[in-house]
Amino acid sequence: MRQPASLRLDAPERRLLPDGRAEGPMPWVLAIMLFLLILAAAGGLAMTRAAAGLGEGIADRVTVQIVEADPAARERGTARALQLLAADPATRRAARVPDAEVAALVEAGLGEGALAAEVALPAMIDVDLAGGAAAVDELRARLRAAVPAARVDANGRWLAPVADLVRLLRLLAAGLMVLMLAASAAVVALAARAALNGHRGTIETLHLLGATDRQIVRLFQRRIALDAVFGGAVALAAAAAVLLLLGARLAELQSSLVSLAALRPSSWALLAALPAAGVLLATLVARATLLRALRRGP
Amino acid sequence: MAGDVVELENVGLRYSDAGAETLRDVRLRLTRGGFYFLTGPSGAGKTSLLKLLYLQQRPTRGLLRLFGEDVAALGRDRLPAFRRRIGVVFQDFRLIRHLSAFDNVALPLRVSGTSERDLREPVREMLAWVGLSKRQDAKPATLSGGEQQRVAIARAVIGRPELLVADEPTGNVDPGMAERLLHLFDALNQLGTTVVIATHDVHLFGRAGRARLLRLEHGTIADPTGEFAHPPRAAALAAAG
Ligand SMILES: Nc1ncnc2c1ncn2[C@@H]1O[C@H](COP(=O)(O)OP(=O)(O)OP(=O)(O)O)[C@@H](O)[C@H]1O
Ligand SMILES: [Mg+2]
């Protein structure tokens, strides 16, 4: 009996309709929709992160190697190449990779101890270019002319199709989200109309007793909102379980591309907010549907 | 006339485009504070006429004025406020089956925004008056026809409406209870409510002294003296006093 005022005021209104949630599969269908919505969003977020990571990696990053057995000739070639690069307006940055790092890279590739002291390592220069593929080709031609031992590797070459794919997947995720939201809205509108039809007599009586459309809408809207909260909670729990499991599996792959796509805490917060947005959408759609249906009635 | 709560002029009602008129050429004025019995054979159109009064139907022709306002000009958004001034006992009760007797009776008060604290006592008293104190938590399905009817009456009068419209309100109760319910309508009438009761029960007529008898035949008011189309001033004053 001693409930807070807000609850007490709501209670009698709630009792105008039979207890329990709306008939039919609406809460579960909504749960499925929101579940897929969260997964699509997670995919989209992962792709966005990956695209950003790739973008940094492939932005005209070029590696120049001077492959020359004779150390003196190698140093000369490297110095000449650096000179050329410095003079080139397309060069944003050019820096020699310290020999120790080159050795570590090679060792990582070949296994520890694989390097005998006398094995000649190439000299490496990291270059950031402006101007895309054409600039890379031009640089390659000029370097080859001046320093025959120079080899130019454009990292972006093999990453570009990956980046395209990631972009496509991101679009797909966004498209799926829009479809999912539209389908959710349709389900809610159908459920709202079914609820009205199921209580036509009660609604007419309430009208004749002087109830306003808004009062009647509030009854149904509350029930649909509660159903949506249920669906949203189920969806969030299921999606979190799936994403955590998937995340653990992917982490085991230890691929740099996969790690790029790992979800940040801010992404998780965004995903958790989605079901809440779904509930809000459901409530608004229900309200609009109900008001319009009632206005068309007697 | 300013004192008329209900005014009908050449009103016709047709339920479907193809069908004949259920009500035709109805001319009628109900004076504020009046007490009216509406009688006539089954199918004459009593319920149809009452539906016009409580705004379930609108006339298909003619003029209907309620509380001095032309109903045809009433927007949808103004209907609730009008309906809250009218208490209705429906011929088929129209109790809400998910609600207890108490909640059904409380409904008009809740709809008009009365707080829970303020409505508890009046609803209990009203249920006591119609002899249903012990049944206040019962759902309509578990009530007898007479009990349901009494809940419907309690719901119609709880908000002290300006106009009470009752369709066969004593059809399901014994003569003793019928008299008690008539008392209730009479008491409400004394407080200023205009009362219209459709009934076949000839015994009721004599009980309410100030009551006037309206007879509906074949969808129109039999009014040979013209007293309902043009109520004499004296009668209006008597009814108001
Ligand atoms: N909703 C409706 N649709 C079509 N026809 C209707 C409708 N309601 C009533 N009628 C018809 O209108 C006529 C008058 O019916 P109404 O219910 O007004 O009579 P009544 O005088 O109240 O009768 P009773 O004494 O049996 O209650 C009847 O012929 C009935 O069939
Ligand atoms: Mg009838």
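Placement of Cβ uses the backbone N, Cα and C atoms for every residue, glycine included.
Just so you know, TrEMBL annotations never went through curation; they're auto-generated.
Here is what TrEMBL says about this protein:
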- A:176-297: domain 'ABC3 transporter permease C-terminal' (DOMAIN)
- A:28-47: transmembrane segment (TRANSMEM)
- A:168-192: transmembrane segment (TRANSMEM)
- A:224-248: transmembrane segment (TRANSMEM)
- A:268-290: transmembrane segment (TRANSMEM)
- Message: Can you work out which residues elsewhere in the same chain, 6+ from the ends of the transmembrane segment (A:224-248), have a Cβ less than 8 Å from its Cβ atoms?
- Response: 21-22, 26-35, 37-39, 42, 188, 191-192, 195, 262-263, 271-272, 274-276, 278-279, 282-283, 286
- Determine which residues of the chain contact the transmembrane segment (A:28-47) at the Cβ level, with the cut-off under 8 Å and only residues 6 or more beyond its ends counted. 166-167, 169-170, 173-174, 176-177, 180-181, 183-184, 187-188, 227-228, 230-232, 234-236, 238-239, 242-243, 261-263, 267, 270-271, 274-275, 278, 282
- By DSSP, what is the split of the domain 'ABC3 transporter permease C-terminal' (A:176-297) into helix, strand and coil residues? 110 helix, 0 strand, 12 coil
